Amino acid sequence: MFVRRCLRITAKMSGRKLSGRRFSDVFPLNNGTCGPLLNKGGTVGPGTRRRISSFPCEETFAPVRTPVILSMRKDVGGLAAVLQLFQEEQVSVLHIESRRSLRRKSEVEIYMDCEADKTRMNELICRIQRETKMVKVDTPDSLGKDNGQVEEGFEVPWFPRKISELDKTACRVLMYGNDLDADHPGFKDNVYRERRKQFAEIALNYKYGQPIPRIKYTEEEVNTWGAVYRELTSLYPTHACQQHLNNLPLLRMYCGYREDNIPQLEDVSAFLKERTGFQLRPVAGYLTPRDFLAGLAFRVFHCTQYIRHSTDPFYTPEPDCCHELLGHVPMLADPSFAEFSHEIGLASLGASDEEVQKLATCYFFSVEFGLCKEDGKIRAYGAGLLSSAGELKHALTQEDKVLPFDPEAVVQQECLITTYQDVYFLSHSFDEAKEQMRSFAKSIKRPFTVRYNPYTQTVEVLNSTRQVARVIQELRAELDTISHALDKMDV
């Protein structure tokens, strides 16, 4: 989720204005942060999840699952020495796998899924760093930070190389999930909180390759969906872009989009797979921008299954299935838009925190709150607008707040999540926006280029002439096919 998922933002589903939380307040960039969210000066902001205390809380001593990545030289006995420390600190290893290091040919990366209380885990990490010079440790708090070198002087953050590795990042939910803040409409509703816990467990237990579990939605949930569906579909003919209007009837036909039915993610995912190669993956709540954008690089969209609280169907402080299914899915069914989203994801892999934040901001003001021009009229293509009746009407009547989409200008703009945006950005076409983002992506400092291989569902790092030569061979085969087709058409 974007953003929402990771950046996936949908904070304003009504015209209400809450205390102004900024995007940067609610979505810290470093992966895996679990402490309270603070405003400037260290005061507790509206997004605070727990009271600040210098004393260890109960969860400090509760066993938690923690992914750890060890970067180590290929020395005999190196892994055995590290595992001995795991045993001495009584840290359980639930899963372990290895791969060649992206950063140095002389290193390997060892991924471990561990379980221990935070005290033991912290002590283990300190001992590894103190007692073994050849090992570098990355945990959820640092997976989004620089953790190795591809070439001298350039640090590259870890990123998934194959689609199954999204299992390691999809569980790192920053906000909500089954925990609700005090200002959430469902905070005092124990039944709703228990229901959210069920959805969170489904998402956290999901693994790549499994069918997405089907949900039996309650009558109250269906009624909430129906209210949102009814209001938004009445606005789409005069407010939504043509791509959205073209795909919504197909979703009604093949995925059960109806006022009295909440579509199942498994059906929607299969539909998208056939249309644009995208697929859905259930998620429990907000992800970091880095983790969410990494999913897009594999044409995977992290998607919630829960629905907003019934007391206020036109407002939600977080993304829900109304936002995902009505805002994002119809657009992801368009090939040009899907490619646009995919390329933003690819550009994020291995980028610095600063560069990822810039890409996240571009995503926010395009995929979430973007506008386009059709037959001289402004229309919405951003999911945050297409799933919010209040802001959809607002954005299309504020022409003085509409600026041309330019990534260099967009990254300077502040993202707001509890009030309407100060400005909106307009593109004349997705192809135009895609070319602008391609040019912007070239400014990202990476000592390599990445390429998605749809056959193996892996990301290939192109940092040698041999790898580039292999890609050229593949392109030659494609060009031969095109040439043969043109000959058949006598063009």
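A Cβ is built for glycine as well, from the same backbone N, Cα and C atoms used for every other residue.
Just so you know, TrEMBL annotations never went through curation; they're auto-generated.
According to TrEMBL, HIS323, HIS328 bind Fe cation; the candidate from GLU266, GLU274, GLU368, GLU374 that the record adds to this site is GLU368. Among the candidates ARG308, ARG379, the one that TrEMBL lists alongside TYR286, THR316, SER387, ILE417 as binding L-tryptophan is ARG308. Closest in space to HIS323 (Fe cation binding site), of the binding-site residues given as TYR286, ARG308, SER387, is SER387, taking the CA atom of each residue. Regional average pLDDT for the domain 'ACT' (67-142) in the model is 74. A sphere of 10 angstroms centred on the C-beta of ILE417 (L-tryptophan binding site) encloses 26 other C-beta atoms.
Of all residue pairs in TYR286, ARG308, THR316, SER387, ILE417, the annotated binders of L-tryptophan, the farthest apart have Cα atoms separated by 17 Å. Between the binding-site residues ARG308, HIS323, HIS328, the minimum number of other C-beta atoms within 10 Å of a residue's C-beta occurs at ARG308.
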